[in-house]
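First up is the structure itself, then whatever we jot down about it.
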Amino acid sequence: MDGWRRMPRWGLLLLLWGSCTFGLPTDTTTFKRIFLKRMPSIRESLKERGVDMARLGPEWSQPMKRLALGNTTSSVILTNYMDTQYYGEIGIGTPPQTFKVVFDTGSSNVWVPSSKCSRLYTACVYHKLFDASDSSSYKHNGTELTLRYSTGTVSGFLSQDIITVGGITVTQMFGEVTEMPALPFMLAEFDGVVGMGFIEQAIGRVTPIFDNILSQGVLKEDVFSFYYNRDSENAQSLGGQIVLGGSDPQHYEGNFHYINLIKTGVWQIQMKGVSVGSSTLLCEDGCLALVDTGASYISGSTSSIEKLMEALGAKKRLFDYVVKCNEGPTLPDISFHLGGKEYTLTSADYVFQESYSSKKLCTLAIHAMDIPPPTGPTWALGATFIRKFYTEFDRRNNRIGFALAR
């Protein structure tokens with residue numbers, strides 16, 4: 001394993017286990033730090049249980065969903081969380097009911113399972129359920145909410161209550177899910193989702209939670225940032241953190257390099273090329289890239305990823321690309337050209353060994369994903385990229401900043 005990492009069986013999902021401030025300033029503005037832990041993804045759980053992914057059908061490899069509110073369907077295509085590796089914790093209601101959630105820059109709505117979900121839905125049995133009758137601050141709304149995933153439909157209705165995140169409380173409209181398919185959600189370590197995107201992506205134009213936090217004026221800056229610990233060997237180590245209102249200099253070095261968003265409303269930037277070794281192989285004429293905290297891997301169009309995998313000598317196995325483990329350390333660097341700077345991943349960053357596999361094959365943390373217009377075609381830079389580069393999402397200036405993580 002010289003020079004690269006082994007992916008442990010518990011994977012890289014994160015469980016938020018606490019929050020604190022970086023200090024206690026005398027004024028009312030500050031920024032909050034949320035600590036995170038690791039847990040397994042849905043796909044990892046399926047593989048560990050010996051599930052034949054090929055028999056589940058091709059829809060399980062398509063990391064997309066379509067959101068709808070009432071009779072209106074959004075054109076936003078987002079991750080289906082099959083490979084999501086990071087999640088945290090929020091409280092809903094008075095007193096707070098605690099939920100494990102994915103913090104997703106690719107979506108803008110908040111949803112958790114509801115106590116009104118029938119126990120005929122096995123996935124609801126295995127998750128924490130929000131009980132409105134236990135909250136003194138709950139307000140009924142009732143507007144129908146539907147999330148159509150490639151692997152099944154999640155539906156419910158909108159409600160309003162107080163949500164606590166990172167020590168901040170906000171009054172927030174959120175979805176109470178009453179119907180959710182057993183697969184994949186029965187195996188999900190997370191209960192729901194907190195969208196960190198823009199109101200333009202929000203179904204029903206529901207104000208996103210970060211917008212509501214900003215309206216209170218409690219943060220030092222109109223930004224939030226993500227750090228994912230690259231130490232995959234120690235399950236008890238700090239898994240990472242989300243900072244609301246700033247960035248943590250303990251976890252990056254040097255200065256941030258900023259790239260403006262393509263347009264307001266989506267965390268998407270311009271990319272000027274993808275290099276393998278010293279040769280620019282893809283995106284020579286420019287392309288788009290989402291920065292997606294709800295995704296584990298780096299993804300691109302099928303045609304682009306096939307060309308990239310051919311250059312790396314990787315073979316397709318079901319929905320993954322693999323190489324012989326002894327070849328992993330010899331694979332070339334992959335560089336992403338963003339804002340006039342190259343962001344380089346070594347094989348140690350994008351190759352991992354599945355500890356539940358008896359074969360000496362290692363998986364590449366790069367997948368094919370075809371996203372249609374208007375968002376796509378686009379690349380998506382998920383946890384594989386964010387682990388290497390501390391990422392700041394700047395709402396005030398509509399830009400994303402990267403700095404080398406440490």
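Along the chain as shown, residues are numbered 1 onward.
Glycine residues also receive a Cβ, built from the backbone N, Cα and C atoms like all the rest.
Taken from Swiss-Prot, the feature active site applies to D104, D292. Per Swiss-Prot, disulfide bond is recorded for C117-C124, C283-C287, C325-C362. Annotation source Swiss-Prot lists domain 'Peptidase A1' at 86-403. The annotation N-linked glycosylation site is assigned in Swiss-Prot to N71, N141 on the grounds of sequence analysis. Annotated signal peptide per Swiss-Prot: 1-23, in sequence order, evidence recorded as similarity to another entry.
Everything Swiss-Prot records as a feature, shown here on the structure.
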residue	record	Cβ neighbours (10 Å)
D104	active site	24
C117	disulfide bond	20
C124	disulfide bond	24
N141	N-linked glycosylation site	15
C283	disulfide bond	20
C287	disulfide bond	20
D292	active site	30
C325	disulfide bond	19
C362	disulfide bond	26
Could you check which of the recorded positions (D104, C283, C325) sits closest to D292 (active site), going Cα to Cα?
D104
Need this for a regression test: recorded positions C117, C124, N141, C283, C287, filtered to those with Cα within 10 Å of C325 (disulfide bond). What's left?
none
Residue pair C117 (disulfide bond), C283 (disulfide bond) - Cα distance, angstrom, rounded
45
Between C362 (disulfide bond) and C287 (disulfide bond), the C-alpha gap once rounded to whole angstrom:
29
Tell me, roughly as an integer, the mean pLDDT over the domain 'Peptidase A1' (86-403).
92
Round to a whole number and give the Cα-to-Cα distance in Å for the pair C283 (disulfide bond) and C124 (disulfide bond).
43
For C287 (disulfide bond), which of the recorded positions D104, C124, N141 has the nearest Cα in space?
D104
What does DSSP assign D104 (active site), in three states?
strand
